[in-house]
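Just below is one structure, and these are the notes that go with it.
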């Protein structure tokens, strides 16, 4: 597939089971006020006006359902056994004579992410940063603890941030990070894509996140999302 220079492709890993949410279906397929989380996430990306193509990775037995839900809005691929493998599989569709300039990776569970946040990440990429993540300052005090629950220390909160998605990268950097990082450590040890970039020595730039880009993981998160959607 030939792609134009400067194109932005967004990958949405949505192959997880969402066991903590316990809604009886994979989390991405849960309907929030009549619309699935995956549909809301994809629409937010496209509504930003800065994303050209969306690739969604879903459980292998849900590909037909995903195509029916999303139609022409996204390419559908089967995901893997964990998040890192799923993104890796989605990256394979980017092979061709011309790769996109930038790749975003966005959690389907962050279904209410404002389009303006997506645009902010891409703007930073176009400004010359090779890896960009949206973040929010922490309001809670954080404790480091050992396996026995003993507090080891209290990190300085002023220097800590909660990371959101979409996370954006130059395509070459993300591909190199996955190729090398996945060989060095088990996939389960990487909780986000920026961690892979950090692992190979890449620099990651932060931009302002948005409270609406919270991850719907628990029943409490779901209640909050429902309240927001219903106004």
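Placed from the backbone N, Cα and C atoms, the Cβ positions cover glycine too.
Annotation source Swiss-Prot lists site 'Transition state stabilizer' at 20 (among others), citing sequence analysis.
As annotated by Swiss-Prot, site 'Transition state stabilizer' applies to 27 (among others), with the evidence given as sequence analysis. DSSP classifies residue 27 (site 'Transition state stabilizer') as helix under the three-state reduction.
The feature site 'Positions MEP for the nucleophilic attack' is assigned by Swiss-Prot to 157 (among others), with sequence analysis given as support. According to its DSSP assignment, residue 157 (site 'Positions MEP for the nucleophilic attack') is helical. Long-range C-beta contacts of residue 157 (site 'Positions MEP for the nucleophilic attack'), restricted to its own chain and to partners at least six residues apart, with a cutoff below 8 Å, comprise 138, 141, 142.
The site 'Positions MEP for the nucleophilic attack' annotation in Swiss-Prot covers 215 (among others), and the record cites sequence analysis as its basis. Long-range Cβ contacts of residue 215 (site 'Positions MEP for the nucleophilic attack') within its own chain (separation 6+, distance under 8 Å): 107, 109, 110, 164, 221.
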